[in-house]
Amino acid sequence: MKEKENELRIVDPSFGSRVLDLIMDINYLRRRQLGGSTHPEIFFQIKHIFHILESIGSARIEGNHTTIAEYVEREIEDSENEDEAITEIKNNEAALSFIEEVIETTPINRAFVCELHKLVVKDLHREGSQTPGQYRNTNIVINHSKHTPPDFLRVNELMDELIAFINKPDPEKYDLIKVAIAHHRFTWIHPFDNGNGRTVRLLTYAMMIKMGFKVDNGRILNPTAVFCSDRDAYYDALQRADEGTDEGILAWVEYVLSGLNDEISKIDNLLEFDFVKSKILLPALKGLKERKIITTEELKILNKAAEKQEFKTSDLNEIFPDQNSVYLSRAVKRLRDLKFLKPIEENSRTYVLSFLKNYLMREIMICLDREGFLPMKNEV
Ligand SMILES: Nc1ncnc2c1ncn2[C@@H]1O[C@H](COP(=O)(O)OP(=O)(O)OP(=O)(O)O)[C@@H](O)[C@H]1O
Ligand SMILES: [Mg+2]
């Protein structure tokens with residue numbers, strides 16, 4: 001192999017290439033101001049669902065076959081005895097929250113990467129690590145892959161180089177290429193004894209937020225969908241990059257960027273309330289009624305709540321002109337007790353629809369699946 005072929009470097013796409021078009025498209029989405037009409041409380045809950053989906057997706061690459069349905073059942077029942085598969089998913093969720101909390105003030109350095117690893121393998125045995133939060137001190141192989149990672153003695157130096165590469169202030173136009181190249185380089189080095197895939201997918205998430213895909217002003221990112229919906233395609237694309245040639249690296253970059261572009265454009269729809277209402281919330285409520293979890297009257301109330309986004313008991317007067325306010329307040333209280341409605345603030349009498357930790361969450365996931373938001377098919 002030529003010396004250059006192992007060198008960590010930016011590869012320039014040619015002017016007419018698809019990679020260049022993708023960079024322009026994604027940069028447009030990065031700069032676009034988000035002023036969505038979906039209520040922040042509703043958006044926040046949908047975002048939480050995406051954290052869960054992202055985590056299930058990441059945990060499913062090898063070995064862990066927990067389905068969305070199983071996970072939701074456990075969320076609803078708040079089951080105490082967690083098995084390893086559920087812990088793996090929860091760990092990923094915790095790591096995503098950690099990233100969002102600290103990313104504005106924390107550099108992407110060795111301590112940060114090691115912290116991600118520690119969170120990912122916490123309390124795991126089968127999918128855990130001998131040395132959580134520390135680079136490996138043995139040589140390893142990657143299952144189902146032809147690539148043999150470098151000798152453990154070189155990990156330190158190679159990771160220092162990678163971290164310097166990530167932080168080097170190159171022109172902004174290279175940001176996305178660097179995200180893709182860093183992802184491959186990380187798994188190529190395979191700095192940890194296990195959990196490298198889960199850690200690097202989180203690193204990609206962190207890099208994208210740092211690059212300006214801010215999640216706190218309302219964007220949802222699900223890069224895992226790119227890597228985890230088709231494991232064979234992911235492994236094949238990584239293998240192209242293993243070749244170390246400009247062509248191999250650009251093929252990998254194109255794979256990553258086209259996946260990210262599809263994902264980001266699709267998910268931005270969730271900022272449009274008309275879309276969320278008609279394609280997700282109302283059909284999900286209908287599903288709840290069909291399963292006889294709520295009554296026809298309750299469906300009407302929740303539909304109203306979905307339509308108004310912020311909703312008060314008095315909003316029900318038009319749909320139930322014959323009922324008195326005590327009766328309606330009781331009906332609303334029951335839905336609040338069932339956690340399908342929640343006050344926008346403590347003690348407030350204004351409510352929003354609530355769908356975390358209840359059966360509406362499952363119906364919402366079914367609707368997200370129908371609209372093509374779930375990478376894994378037929379698992380809800
Ligand atoms: N040819 C390859 N070159 C570089 N990296 C690869 C290659 N094939 C697979 N990988 C990476 O190795 C990861 C698997 O390594 P490891 O078992 O340490 O990670 P994990 O997080 O435990 O597992 P998983 O990614 O399956 O959830 C894959 O997710 C992928 O990121
Ligand atoms: Mg593993």
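Cβ atoms are placed via backbone N, Cα and C, with glycine included.
What TrEMBL records for Glu62 is site 'Important for autoinhibition of adenylyltransferase activity'. What TrEMBL records for 108-258 is domain 'Fido'. What TrEMBL lists as active site is His190. The ATP binding site feature in TrEMBL is assigned to Tyr234, Tyr235.
Annotated features taken from TrEMBL, shown on the structure.
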{"residue": "His190", "record": "active site", "CB count, 10 Å": "25"}
{"residue": "Tyr234", "record": "ATP binding site", "CB count, 10 Å": "19"}
{"residue": "Tyr235", "record": "ATP binding site", "CB count, 10 Å": "16"}
Between Tyr235 (ATP binding site) and His190 (active site), the C-alpha gap once rounded to whole angstrom: 14
Distance, His190 (active site) to Tyr234 (ATP binding site) (CA atoms, angstrom): 16
Helix, strand or coil at His190 (active site) [DSSP, three-state]: coil
